[in-house]
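Novice: I am attaching a structure below and will ask some questions about it afterwards.
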C-alpha cells in the first residue's frame with residue numbers, strides 16, 4: 001500500500017485542470033477554420049475542395065454579390081480549404097472548444113461584389129478576383145496588365161462572340177477540290 005502511495009506522489013498529477021486552464025495542443029492540430037474576408041478573393045477554390053460541403057457559394061443577381069457561407073457543423077477539419085486557398089485567407093486555428101447554443105452560430109458568411117461584363121453588363125466574376133489577377137501579373141513584371149483590364153472585365157461569352165468570324169466571310173469552296 002505504501003509503495004502505491006509513494007508511486008502516486010512520485011508521478012504527480014495525472015490529469016489537467018482543463019476548464020480552469022487551456023489544454024496545450026500540438027502545432028499541427030487542425031482546429032476551427034477561420035476565414036479572413038479582407039484577404040479572400042471569392043474564387044471558390046475552397047468550395048470545390050471541401051469534401052463535406054461545409055462551404056457553399058451562391059450568386060445573388062439582385063444585389064450583384066457572391067454569398068460565401070461556411071457551416072462549421074458540417075466541417076470535418078480535413079484542411080483541404082486551407083491547402084487550396086491562393087491567398088491564404090483560410091487558416092485552421094488551434095481552437096477546439098466549438099460548442100454553441102444556437103445552430104446559427106455555426107455559420108460564417110461573407111459577401112463579395114461581382115464584376116459586370118463591360119459588353120453585356122451581366123455579372124460573371126468577383127471583382128476582387130479580377131483585381132487580384134491584375135495585381136499578380138504586375139507583381140510578376142507584366143507592365144501592361146492594367147492596360148488589359150477591359151479584357152479581364154469582359155465575360156467569356158462576349159470574348160467568344162468577339163473572336164468569331166461572321167459566317168458570310170467564310171469561303172467554304174476554297175477547301176474543296178474542283179469537280180471534274
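Each Cβ is built from the backbone N, Cα and C atoms, and glycine gets one as well.
From Swiss-Prot, here are the annotated features:
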type	residues	note
BINDING	40, 43, 46, 50	[4Fe-4S] cluster 1 binding site
BINDING	75, 78, 81, 85	[4Fe-4S] cluster 2 binding site
DOMAIN	31-60	domain '4Fe-4S ferredoxin-type 1'
DOMAIN	66-95	domain '4Fe-4S ferredoxin-type 2'
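Tell me about the setting of these features in this model.
Specialist: Under 8 Å, Cβ to Cβ, and six or more positions away along its own chain, residue 43 ([4Fe-4S] cluster 1 binding site) finds 86, 126, 129. Residue 43 ([4Fe-4S] cluster 1 binding site) carries neither a helix nor a strand DSSP state and counts as coil.
The number of other CB atoms found within 10 A of the CB of residue 81 ([4Fe-4S] cluster 2 binding site), across every protein chain shown, is 24.
Residues of the same chain lying 6 or more positions beyond the ends of the domain '4Fe-4S ferredoxin-type 1' (31-60) and with a Cβ under 8 Å from any Cβ of it are 25, 66-78, 80-96, 98, 108, 110, 112, 114, 123, 126, 128-129, 131-132.
Packing against the domain '4Fe-4S ferredoxin-type 2' (66-95) from elsewhere in the chain are residues 25, 29-37, 39-60, 103, 106-114, 126, 132: each is 6 or more residues past its ends and has a CB under 8 Å from a CB in it.
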Novice: In sequence order, which residues at least six apart in the same chain have a CB under 8 Å from the CB of residue 85 ([4Fe-4S] cluster 2 binding site)?
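Specialist: Looking at Cβ-Cβ distances below 8 Å from residue 85 ([4Fe-4S] cluster 2 binding site), excluding near sequence neighbours, one finds 40, 45, 46.
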Novice: For the binding-site residues listed here (40, 50, 78), which one has the lowest count of neighbouring CB atoms within 10 Å of its own CB?
Specialist: 78
